[in-house]
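Accompanying notes for the structure given below.
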Amino acid sequence: MSVENLESFDSLGLCDELLRAVAEQGYTQPTPIQRQAIPVVLQGRDLMASAQTGTGKTAGFTLPLLQRLSQQAQPNGRRPVKALILTPTRELAAQVWENVREYSKYLPLRSLVVFGGVSINPQMIKLRGGVDILVATPGRLLDLVQQNAVSLAKVETLVLDEADRMLDMGFIHDIRKVLALLPAKRQNLLFSATFSDEIKGLADKLLKNPQLIEVARRNTASEQVEQRVHFVDRKRKRELLSFLIGRDQWRQVLVFTRTKHGANHLAEQLGKDGITAAAIHGNKSQGARTRALDDFKNGRVRVLVATDIAARGLDIDQLPYVVNYELPNVAEDYVHRIGRTGRAGCEGLALSLVCVDEHKLLRDIERLLKKEIPREALDGFAPDPSIKAEPIANGRQRNDRRNGNQGGNSRRQGGNGGNGGNRGQGSRAAADGASERSGEGRPRRQGNPNARRNDSARTGEGRSENRGGENRAPRAPRQRAPRRIAE
């Protein structure tokens, strides 16, 4: 049967239990990625698929995965993990697991999601009962393996979801560690928003004779998204944002900043303007992030301010507005950002507030998109031509992408990936949505900077402090702290 003839879920060969669950979710026709991916996965073949967010790719691998597992006899007692789904962030892991739960509600299958930022002990207890499908972030998974809480020796299917983001966040070493724990004979499914050279390199080593599916052209934005640029001075961005939200009575506005501090500050300033807002980023506990997202979805707050890492995996139906309060340092992240709106056939609006410092970043984005984004001038907000461009303060993304997360300690990160076993794994701290990239690293301590440095030495963490680009080893503890400001 050709792909063109697969116009309904009934024609995909799914069992009645899955069809019932899909119907209860209100879905009647499969999306293009689902029509192409589901038959391939059902055949047991390896798959390399590229699709933008909002295309239904999660169901594209979840439904056939559940179908294959349901056809196996389920053992009594403890069950070995048969399917492993790796995601880069907590939010995406939770979203994928929710999909697994919804679609498997009429099947005798057990599933579990594990990620950092929460206690590891309840996860260990649940794993003792056995699960068929495990959704995990790489860092927490390796911690559980080290504590002998889970075995991956029986995994039959591995899914790498948003593999491009995992590489961006420096997870390649953790991914290799996980691969070493898996059986050599297994099915591998790789899903990515883009087919970069890095992704192709990973696929060459991971996949065996894969079926290639590319629903959206590489590095393209959805045609359902109206894109627009407003040029404005940096110091007037918040004023312009408040003006637009108030003038047009916007609701559910997702706003992107580069840094955690910037997200917090903007949310506070919008609140002072009478606009309810919440911020999410890597330093927020999982509970705080969940509450902020729920408030946003339920309309209790109008604006959600997020960093790039924290926004990965946000599942918001019919999100109408995305605002780039600050352009990303990496052009591909622009596509990921605006992909939060205009999903599943709905229209969306993506605005970028661009100051003179960001003109080069805008050119990089337009070069990637192969088109110019329409400009719109607003009366009263024209930029001052006398202001000269200044270097972007947070320019660490490209370096940290190569080096992974430098530093980052799970013992002191609290909600940002609190590992129960192996300590001080830099890339592991990033694994749970707390990457140094985009400033998503460990929280800064307040107070005496010398006290912070001496505390690091006391714990023996061996973390270099990067000041002005210079890596310095932590100093040994002293009998008496010097009464001077740290360098």
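Cβ coordinates come from backbone N, Cα and C, glycine included.
Record note: among 7-35, 36-64, 65-93, 355-383, 7-35 is the stretch given as motif 'Q motif' by TrEMBL.
Here the domain 'Helicase ATP-binding' (38-213) returns a mean pLDDT of 91 for the predicted model. Using DSSP to sort the residues of the motif 'Q motif' (7-35) gives these counts of helix, strand and coil: 17 helix, 0 strand, 12 coil.
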